[in-house]
Every structure is written in structure tokens, then in C-alpha cells.
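Notes for the one structure printed next.
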Amino acid sequence: MRGGKSRAAASSKDDTKVAGKRKAADNQGKRAKRGKAGKDPNKPKRPPSAFFVFMDEFRKEFQEKHPENKKVSVVSKACGDKWKSMSEAEKAPYVAKAAKRKAEYEKIIASYNKKQSEGSSGNASPEEEVVEEASKSEVDDEEDGNGEEEEDEE
């Protein structure tokens, strides 16, 4: 058999390919298990953009003109088309409102970040804080229990 491969050699290469696929699948599984860090429910929400400020007002007007419409997609499409057709001068009041809301948000988020950095566990989520408190109390209980037993034995 010149230049040909034996069946054993071919099957061992296939086995390594399969093993490589398994390792890749295992690595993907490990990545998926980590997940994202939990969101802080007390964190202030970001302010709406100029388009969303416009959209709030446009929805009200559109619902008054078309009360029979129940589809969100129709309202959204009409709003997007209207926004695209508006000039910069027509968009200016919405841009100004959005800028004002953004300035207020930046003040609020600055104070929020300051409070987070001043806290004892600023980066920990509320769930982690509960776990830390529970573990501290368990340790304190064990130390108290050992101290009492030593006094009883003496």
C-alpha cells in the first residue's frame, strides 16, 4: 500500500477530532455558566434620547387620531417615518428636553456613584452583601459557642 493510510491511523485521527469537539463544547458550557453580574435595582435609569422624548408625545397624538389602532408596530413605524422627515429645527425642542434630562441624570448618577464608593462593599450586589452578613454571623456564633464550652469545662 504505497501512500495509503491504514485504517487504524485514520480512525485515531477521527477520534482526536471528536475529542477536540468535546473539549470545545465543554469550554462553551463553562462560559455559559458564569453569566452576567446582577443588576443593581437602585441604580438610576438612563434618560431617554431626543427620539424617545418625541415618541412619547407622538404616541398620544397618534392614539387620539387613530383610537381603533391596537398595534404597537403601526405606531412605531409612523413615529419613525415622522422623525426622519422632520428638520433639525423641528427636532430642536426634543433635543433640548433630552439634554436637560441627561444633565439631571448625570447629577443623580454622580451622587449614586459617590454613595457606592463610600459604602463598605460598594462593588458587591445586595445578594452578596446578604451572604457576607450571614457568614460573619455564623463565624461569630461558632466563636461564642467555643468560648462558652471552654468555660464550662474549666
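Heads up, the Cβ atoms here are built off N, Cα and C, so glycines get one too.
Among the features that TrEMBL reports, region 'Disordered' is placed at 1-51, 112-154. Residues or ranges marked as compositional bias 'Basic and acidic residues' by TrEMBL: 12-29. Taken from TrEMBL, the feature domain 'HMG box' covers 43-114. The annotation compositional bias 'Acidic residues' is assigned in TrEMBL to 139-154.
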>> Let's see if you can do this one: DSSP helix, strand and coil counts over the domain 'HMG box' (43-114), in that order.
In response: 57 helix, 0 strand, 15 coil
> So what's the mean pLDDT when you look at the domain 'HMG box' (43-114)?
Replying inline: 94
